Amino acid sequence: MDAFKLLTRATKLKTGATPSSAQSSTRLPSTGKAENPQLFRNSEAEKVLEQAQQGKKRKRTAAAEARDADDDAAELNFFGARKAAVSSTPTSKEEKQEQERSGEDDASDEEVEFMDEVQRRTVLNAHKIKVTDLRDLEEIQPVRVASEEPKKKKKKRKQQEEEESKVPLTKKEQKKARRLYPEPLVSFKELRSKYKISSRLAENIAEQGFTVPTEVQLGTLPLLLGGFESKAGESVEPDLLVVAPTGSGKTLSFLIPVINKIVRHHHDQSQEQERGIFSIIVAPTKELASQIVNEGRKLVHGTGVKIALMKKGMRVVEREDEDDDGDDSSSEDGDESSESEHEERPIAKKSKGKAPVTKSDILVTTPLQLVNALSTNQTKPMATLPLVRNIVLDEADVLLDPLFRDQTLNIWRACTHPELRASLWSATMGSNVEDLAKSTIKERKEAVNQTKSYPLLRLVVGLKDSAIPNIEHKLIYAATEQGKLLGLRQLLHPTAASASDVRLRPPFLIFTQTIPRAVALHSELRYDIPTEAGGSSRIAVLHSDLSDGQRSEIMKNFRKGEIWILVTTDLLARGVDFRGINGVVNYDIPNSAAVYVHRVGRTGRAGREGGIAVTYYTKEDIPYVKSIANIIDVSEKLRGKTGEKSIQKWLLDALPDLSKKDKKELKKHGVKARQSNLKSDKDDKEHRKTRISTKSGFERRIENKKKALIAANRNRKSQAQSAADGDSGNESWDGLEN
């Protein structure tokens, strides 16, 4: 008997409307993956996709239909006996062979039907996917004439030149000429039937549970798997620039085509041909590179493709000038050699040779590690990578920023294969990155004497440089540093207040501007979680000053759920995929709008609803907040949020605009009051205001006195010890006294 039903039978409460069910209806990112990972969709596009799927069905044999019926029954019978699942699998060799044969028939005999242009437009526009050809108009226009008006080929050249010179295209016509509507991907099953990817790769994708493609996968996978037709009518792989929201599946989008291309290459090449690095994936941080390798290993299982993470001491290319240096190394001192050379010397003595060159097909690396490997720690000219046919820049806007630009371009230029294809991926990409990519591709084309022309396409999902619309944004004024600390503690220990208050459940990330501030905030919060819940072990800090082992251990514990709150810098702001994070706290405002987009993108991954992004700002931050407020406003409009907005119009009007000079200064150094290298007395006073601590000045003075006394005592002891050692050394032995 339900006591709640019995007590509320005279009320108007609906059945099942219990408090527990009301609370459970609020879905969080940590509760599991979303039913549909797509961010943008409507009923018209879904109808078109359903029609496309129905049009591709073909007649199946009776045995195949019976086998499918058995599989469906086994899947739907969640509470059935274990024997049902075992009986559905083939037991004899003949049944297994027939199943493999039928699987091949499904891929080869299935009638492939393509959408018409109206259907393609409907689907791409509904999912807010925009594909643009970035080549010069002189290269685009002949393609249009050849494909749309084949009858006009018979005209004379002079008449065609006159017609083209008479009417110059307007900006609107130029945009229309550049706009493309390629075939979208309806489901992951099409990868095998329509694009003929490896059967083993298709099985690995299915085992990971991928069924519905996200917007970026829906648009990019057909292009990268040969779905773009060139001027001659043949399918080619274009150079691609992709701008897609955080957590939308960009890693899977570039891994599948790269792996499939290598599988085909291994199948076509002779066994005698030497294997080497076929594709390079460059990422800005070690955490992101390690994550890409982990995802890649799941996809390459059983395909014969090897993926490796770049490490110190790894040799990626055979250099001709290494032999001469190897002979002289025994006579020279080894102080100037790198860590990799130290690791290789014992091997060289034992086996009379060097460490073997890596045979991995895909190499995932950070820029500096690969540059050091190719240039012997920048002591020799860069070696070339003639076998590399794909270079992928993940988080391309950072890799082509001044910090990594020279290293990234050196790697790009070292790939000398004439058929090299480049793809750049990020959630934020400025026009300067596009211009740099275009100029680099053009420069390579001239350097390699490339005769064949490849298209350069840009694919944008949603609004460019905007935050994901499936999370809630909160911009909170805290006035002072103590106000921010108080607000953060209220998140950790929520009280029974109004429903409008922010409630954030662990796990979540806290971002700070600098490493000292992250360490100070961690030491301030480490005892805020009671010992019954795990105490200080539930809070950790992660930054670049930690060793690689410490960083990987913290990441592992955070993914396992042993750490609930992770205080970090912008080290984890990009690319790292924590699927169950319920929210992000910007304790310090980000240095730019792009950094805000990437920070808040750590939650709401793969379409998960319920994520929260909280940003605290103080009086010192007011000049820099408007760009963040604009992003939040655009995100809410994109979401279609009704009712009261978190960013009011009066706030947008009141916040001051930031000049270009101030934007550059903020991007380089952050808010001046929080910089750790302040020197003047005036700046030091501002720095004291932004100190993360709840200790009073009196307590801090006592601590400083204790530290000074301890340091003075140590100095006095060391001086006395050194004086005693000096006196004993100066004394001479006069012999034994009588």
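Heads up, the Cβ atoms here are built off N, Cα and C, so glycines get one too.
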Among 190-218, 422-450, 480-508, Swiss-Prot marks as motif 'Q motif' the stretch 190-218
Cβ proximity for THR246 (ATP binding site), under 8 A, sequence spacing 6+, ordered by residue number, returns ALA427, ILE468, VAL597, HIS598, VAL600, GLY601, ARG602, GLY604, ARG605
PRO245 (ATP binding site), DSSP three-state class -> coil
CB contacts under 8 angstroms to THR251 (ATP binding site), restricted to the same chain and 6+ apart in sequence, sorted by sequence, are GLN291, ILE292, GLU295, ASP394, ASP577
Smallest number of other CB atoms within 10 Å: among the binding-site residues PRO245, GLY247, GLY249, that is GLY249
Note: in the chain of LYS250 (ATP binding site), residues six or more apart in sequence with C-beta under 8 angstroms of its C-beta are VAL216, VAL242, ALA244, ASP394, TRP425
